[in-house]
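Novice: Following this message is one structure expressed as structure tokens.
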Amino acid sequence: MVKHCIDQFCVFGNPINHTQSPYIHSLFSKQTGIVYEYSARLVPFKEFNSYVLNFFLNKGKGANITVPFKENAYVISNNLTIRAKMSRAVNTFKKLHNNKILGDNTDGIGVLHDLKRIKFIKSKFNRVLLIGAGGAARGIIFSLLSYGCSIVVLNRTITRALQLVEDFKNVGSISIFKEKFASNYSFNLIINATTINICQNSNLSTIKSLIHKDVYCYDINYSIKHKYTEFLLWCIKNGAICVSNGIGMLVSQAAHSFYLWYGILPETNSIICKLNRQFYML
């Protein structure tokens, strides 16, 4: 009797007990009919490299990487996709036929996929205010610029925002937010890519006047307890009507990891709806 090896995948992180990835991938497996195993692995902070090496030596086919290891994953990848190079972070590994490890970043394409799904982006000519200039912001800029969005970066530390503009200026239209010209700005979409508590974010008072019923507000963060993050509640309080948390991004970036591994893009809407029902009784 021939024994078939089941493809092995996992997500590396620390902490990892909160991850929804194994559940999401179990739904991808049912949807596509592709049988594979996907587990969550807690990695000690200083042992990421050895854990990854052992996983791929033991027939691992691919993996996802979450905080705080995305930059480590970027460093140890043998090959990188263009979006991983631009992001300087990797959230997806794929083992190639020559046993080399390809590093990719599906965060940006995941955000873009979800924004198109919920119609927060309806054309290629979108004016986006991006709040934050850290790793999360860097991870999504390339895909948005490549699609044709123009981006203005708002960050507490201007030097970090300036660095992002410098790094991505050849990809598309990107600039820093200038407070003295705040009243001159007009945006279709505002994206929060920072985890800073809104009470500690002095930038928000600057953009208060830019929020109204026709501006879409999107937070890449999410909570399994509350549908609306603090940022989204603040947006609603200041006049926003169309808001969304990061559940859709979570599922969509996972779908694009699956696409990298198998060449098939799972349908995401039904899975996002299922998670919303489970988390928020919707």
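Every residue gets a Cβ built from N, Cα and C, even glycine.
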Novice: Using only what Swiss-Prot says about shikimate binding by Thr19, Gln20, Ser21, Thr66, Asp107, identify which of Asn49, Asn78, Asn79, Asn91 is listed for that site too.
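Specialist: Looking at Asn49, Asn78, Asn79, Asn91, the one Swiss-Prot places in the shikimate site next to Thr19, Gln20, Ser21, Thr66, Asp107 is Asn91.
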Novice: Around Thr66 (shikimate binding site), how many other CB atoms lie within 10 A of its CB?
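Specialist: I count 19 other Cβ atoms within 10 Å of it.
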Novice: Under 8 Å Cβ-Cβ from Ala136 (NADP(+) binding site), six or more apart in the same chain: what's there?
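Specialist: Correct list: Asp107, Ala193, Thr194, Thr195, Ile220.
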Novice: In whole Å, how far is Ser21 (shikimate binding site) from Arg160 (NADP(+) binding site) when you measure between their Cα atoms?
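Specialist: So the Cα of Ser21 (shikimate binding site) lies 31 Å away from that of Arg160 (NADP(+) binding site).
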Novice: Sort out the sequence-distant neighbours of Ser21 (shikimate binding site) for me: same chain, 6+ apart, CB within less than 8 Å of its CB, listed by position.
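Specialist: Ser21 (shikimate binding site) has long-range Cβ partners Val11, Tyr38, Ala40, Asn64, Thr66, Ala254.
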Novice: Using CB atoms and a 10 A radius, I'd like the single residue among the recorded positions Lys70, Arg156, Arg160 with the highest neighbour count.
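Specialist: Top count of Cβ atoms within 10 Å goes to Lys70.
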